[in-house]
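According to Swiss-Prot, the protein carries these features:
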type	residues	note
TRANSMEM	20-40	transmembrane segment
TRANSMEM	95-115	transmembrane segment
TRANSMEM	128-148	transmembrane segment
TRANSMEM	168-188	transmembrane segment
TRANSMEM	206-226	transmembrane segment
TRANSMEM	253-273	transmembrane segment
TRANSMEM	290-310	transmembrane segment
TRANSMEM	334-354	transmembrane segment
Amino acid sequence: MQEWFQNLFAATLGLGDLGITVGLVVSVIVKIVIILIPLILTVAYLTYFERKVIGFMQLRVGPNVTGPWGLIQPFADVFKLLFKEVTRPRLSNKALFYIGPIMSLAPSFAAWAVIPFNEEWVLTNINIGLLYILMITSLSVYGVIIAGWASNSKYSFLGAMRASAQSISYEIAMSAALVCVVMVSGSMNFSDIVAAQAKGIAGGSVFSWNWLPLFPIFIVYLISAVAETNRAPFDVAEGESEIVAGHHVEYSGFAFALFFLAEYIFMILISALTSLMFLGGWLSPFPQSWGFIGTPSAFWMFVKMAAVLYWYLWIRATFPRYRYDQIMRLGWKVLIPIGFAYIVILGLWMISPLNLWK
C-alpha cells in the first residue's frame, strides 16, 4: 500500500521526492483509518454480544427490540450517550476532569500501531513491539487517577486508587508471563514471535504454540489480563454495590462513553496480544497440507481473538466479584511469585537437553 501511494504521488502526479513523503503520510493515515473504524464497530457489537451471551447464560433474551434481533441496539446506545448532558461537579477541577477520559482512551488506540494481523497487515513493524505495548498501555492508569482526583468525590477517588493499585500489581505478573514468551522466541517483534511458534519439536501444529509448553504461565497471564482490564470478577474499581461505579461515578454522556470505549478497546487489544503471544497469531491450527484452512491468514487471528473475547464474557457471567484484599493477595502472593519462579525454571529448561525450542 505504501509503495502504491508513493508511486501515485511521485510518478503519476509528478511530485518527485515530495510525492514520496506525501505518499508515506497518506498511506499511514489510510492504515490508521482501516484499523480504527473496524475497531470502533467491533466495540459497538461487542457490547451487543456481551449482553446476548450474559442473557443466554442467565436464561434471559437480551437486546431484542431495537432493530431485527436487537442488532441496532449498539447504535441506540451511542446516540443516547452522545446527546446526554455532560455534567460536572461544581468543586471539581474542570481541565483535569475532561483530560482524564482522553488520557484513558489515547493509549488504547495508540497500542494498535504495532499489532500485526498477518505478516503484512501491520501499521508499524518494530523490533520492540512488545515493549512498546507494555509501555503505552501502562499510561492509561494516569487517566484513571486524574479522573478520580479531579472529580472531588470520595467514591471516585477510592475507585481510582483501587484501579491504579490493581493495574500496577497485575502488570508485574503479566509482564513476567510475557518475559517467558520472549525467552523462548528470542525477540520482542510480534512477527518473529508468531514465526517462532511454527518451529521446534512440534513445529507446524497447534502443539508448538506457546500455550502448551508455557501452560502454567499462560494461566497466570490470562488471570492477570482480566485483572489488568478491570473486568469481572476483578471489577472492584467500579463495584456498583460498594463504591457506586468508582472513578466513573461523576461522568455522564460523551465523557463516560470515552471511558467505556477505552475499556472495551483495551479488552480487544489484550485478546489480540493473547493470540500473538500464546495462540500462534495468524497460524492455522490445521496442517498446511489441508489446503486453504491450513494456510496462515488474518482469518485465524480474528478467530482466536473472538475466542478470547468470548472467554472474557463467559468469565463475567460466571464468577462473583472478588473482595479487594483477595485480589491484592492473589496478585502479590500467588501470581507474581509463580511468574518469577517460572522465569528461572524456563531458563534452566532451555539450557537442558530437553529444550523444546531448538
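In case you wondered, yes, glycine gets a Cβ from its N, Cα and C as well.
Proximity of distant same-chain residues to the transmembrane segment (290-310), defined by a Cβ-Cβ separation under 8 Å and at least 6 residues beyond the stretch ends, is recorded for 46, 53, 117-119, 121, 267-268, 270-272, 274-276, 279-284. The list of residues near the transmembrane segment (168-188) in space but at least 6 beyond its ends in sequence, with Cβ under 8 angstroms from a Cβ of it, reads 127-131, 134, 138, 141, 196-197, 210, 213-214, 217-218, 220-221, 223-225, 227-228, 277-278, 328, 331-332, 335-336, 338-340, 342-343, 346-347, 350, 357. Through the fold, the transmembrane segment (206-226) approaches residues 170-171, 173-174, 176-178, 180-181, 184-185, 197-200, 233-234, 270, 273-274, 277-280, 283, 285, 311-312, 315, 330-331, 335, 338-339, 342, 346, 356-357 of its own chain, all at least 6 residues removed from its boundaries and within a Cβ separation under 8 Å. Within the chain carrying the transmembrane segment (95-115), a Cβ under 8 angstroms from the stretch's Cβ atoms is held by residues 35-36, 39, 88-89, 122-126, 129, 132-133, 136-140, 142-144, 146-151, 190, 247, 250-251, 255-256, 258-259, 261-262, 265-266, 269, 272-273, 276, all 6 or more beyond its ends.
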